[in-house]
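Visitor: Mind looking over this structure? Questions follow.
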Amino acid sequence: MSKRITKTSAIHDKHSIITRDTESGFEYDSDSESDVENVFPNIRVQRIRDKLYQDEDEDEDEQVDDEDEEDEEDKEDEEDDADNFENENEEEVDDYIDGDGMRNFDMGESIEVGDVDSTSERKNGKIKKLTSRQLQKEQKRIKRTGVCYLSRIPPYMKPATLRSILSRFGKIDRLFLKPEDSAIYHKRVKYGGNKKKNFTEGWVEFVNKKDAKMCASTLNANKLGGRKTSYYYDDVINMKYLSGFKWFDLTQQIAKENEVRQAKLSLELSQQQKLNKTFVNNVEKSKLVSTIQRKRKERDPEHESDSHIRRSFKQRKVTSTRADADEELKARAQPDRKLSDVLSKVF
């Protein structure tokens with residue numbers, strides 16, 4: 001049985017608080033709040049609403065304070081960067097760090113090869129120049145790296161699978177796999193072969209050269225192992241650690257090969273253009289000659305035989321120094337006696 005709440009006097013001690021219900025007009029002591037809520041459910045609903053509104057206001061205030069603090073920190077960082085650039089007396093390097101155009105060169109995955117180096121920072125869409133300190137740090141990082149060459153890759157192995165296998169020995173930075181020739185691929189698919197991508201060779205860059213040496217010495221000419229149910233359990237991989245070889249050497253070699261291929265292509269195109277131009281000129285000349293002959297025939301049909309245009313070509317003499325050749329050809333191949341006499345007198 002719920003207790004009956006009566007009007008209380010305004011006199012109360014410091015531990016009790018007089019509360020008034022706006023709807024019923026009753027005043028009650030805060031010590032019996034649970035009883036009041038049971039009797040007047042509207043009071044409980046109102047309290048819950050007030051508490052929710054209060055919590056939302058506090059959350060909004062905290063978010064505003066956090067945003068203000070973040071804005072202040074960003075402004076302070078920008079001011080510090082500006083001060084550092086103004087106060088720097090060190091020489092700035094004009095060269096830019098090349099973007100990792102070949103980063104994660106997984107040919108099977110669109111050559112993951114394409115992120116900008118972590119040392120170069122972007123600001124307003126432009127790459128900032130590196131200071132000498134940053135350049136030294138980058139050079140030290142490059143010096144610690146090691147590159148391994150993969151002369152044989154298990155058939156139809158994906159770059160992600162190879163990366164997961166090699167990452168057991170250490171952290172891998174970039175991976176480049178060379179796909180097979182497109183003609184071989186289309187021929188295999190044409191005759192009902194496997195449609196998966198196959199890679200012939202590759203290069204892998206380790207962050208630490210010690211890991212690269214360990215990986216090459218462990219996996220070279222050995223089975224990959226792992227679970228017996230694995231597709232590549234019995235496959236063999238050939239690896240070799242390239243001493244003193246860095247990733248930019250590979251990029252330079254690839255760029256050089258691309259330049260040579262482009263030069264050959266441009267040379268072939270120029271030769272073909274010359275042939276086409278010569279062919280067009282000959283066709284025009286033949287049309288011109290046929291037109292001249294037709295007009296002459298219309299003017300004077302009696303001299304049809306004379307209207308034929310005769311052309312003369314310069315013929316070169318055939319010479320030979322072979323033992324089974326004719327004596328006439330051998331005689332032509334001998335040097336002039338007068339010239340030999342003059343040379344003998346001089347020398």
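Yeah, the Cβs are placed from backbone N, Cα and C, and that goes for glycine too.
Annotations per Swiss-Prot:
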REGION    1-101  region 'Disordered'
COMPBIAS  10-23  compositional bias 'Basic and acidic residues'
COMPBIAS  24-36  compositional bias 'Acidic residues'
COMPBIAS  55-98  compositional bias 'Acidic residues'
DOMAIN    146-236  domain 'RRM'
REGION    290-347  region 'Disordered'
COMPBIAS  298-309  compositional bias 'Basic and acidic residues'
COMPBIAS  310-319  compositional bias 'Basic residues'
COMPBIAS  328-340  compositional bias 'Basic and acidic residues'
Visitor: Mean pLDDT for the domain 'RRM' (146-236), rounded to an integer?
Guide: 90
Visitor: Tally of helix, strand and coil residues over the domain 'RRM' (146-236) according to DSSP?
Guide: 28 helix, 27 strand, 36 coil
Visitor: Going by DSSP, how much of the compositional bias 'Basic residues' (310-319) is helix, how much is strand and how much is coil, in residues?
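Guide: For the compositional bias 'Basic residues' (310-319), the helix, strand and coil counts are 0 helix, 0 strand, 10 coil.
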